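**Q** Take a look at what TrEMBL says about it:
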DOMAIN    63-126  domain 'RNA polymerase sigma-70 region 2'
DOMAIN    137-206  domain 'RNA polymerase sigma-70 region 3'
DOMAIN    221-269  domain 'RNA polymerase sigma-70 region 4'
REGION    1-21  region 'Disordered'
Amino acid sequence: MPTVTRPARSADPIAANAPPTRPASEYAVLVPMLQRIAELPADSPERARLREQVIVELLPVGERLARRYASGNPWSREDLQQVASVGVIKAVDRWDADRADGSDVLAFLVPSVRGEILRWFRDRTWAMRVPRRLKELSVSIRGVTGDLTQELGRSPRPSDIARRLGVEVDEVLEALRAEAGHHTTTLDTPAGPDDAALSDRIGEDDALIGAVEDVESVRPLLDALPERERRILLLRFYGGWTQSQIAAELGISQMHVSRLLSRTLTGMRRALVEGD
């Protein structure tokens, strides 16, 4: 992936993370330059100069989109900003005044950069085979979750996300379940307090074998739980889901999931003690 360099920016983290404040109309001044770039031959020094100038002007837009998709995700902001920068470069090189409605630079640029980010997520970050539509929907969900959280003052429910994206709630839930495809464990993953790789521990005696009896003791208690509480425990401790994923699946808040987990585990612990 090509590296894009820009002039030095403020070291202030607030200033560095602030979205571009220029109104869309100000980007109209770049249209004559973009048109000139499209007209000049590829080896023209003038084209190279104009191209670099336009790219530098448009990079903040790509950075803003990258920050939006990086929020709450395990991938580094630098990686996504680099992907967005490539999207800006490609958009400049593909500039088409007719398709861009003449003077609306952002209407042409933003979909191009967003498409580059979506393709990167779809093609590079999935550890297991997931249908393309779910990959793209999953990325779209990440893109709107931050905005919805700010607007609603809480974590958005699947129904909130579905309304924003214009899809069915079941599709959102399916995409959230498919998110597990991002988080498989490799054999190089550190395992244990000594940080030894997981591959180095294959064949060792499992220190948790003795817990089988405990599991059998818990099974009757688990079967006696109400459907919702049992489902939460199974998803959390057997499925490896996060509280946020469970909340999205059940259409409740993450705080509510936390309270239900705490209450259920306390009750099961008391029942085990009283049964001894």
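Any Cβ shown, glycine's included, is placed from N, Cα and C.
Walk me through where these features lie, including what they touch and how far apart they are.
**A** Taking DSSP states H, G and I as helix and E and B as strand, the domain 'RNA polymerase sigma-70 region 4' (221-269) has 40 helix, 0 strand, 9 coil.
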**Q** For the domain 'RNA polymerase sigma-70 region 2' (63-126), what's the mean pLDDT in this predicted model?
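**A** Here the mean pLDDT over the domain 'RNA polymerase sigma-70 region 2' (63-126) amounts to 76.
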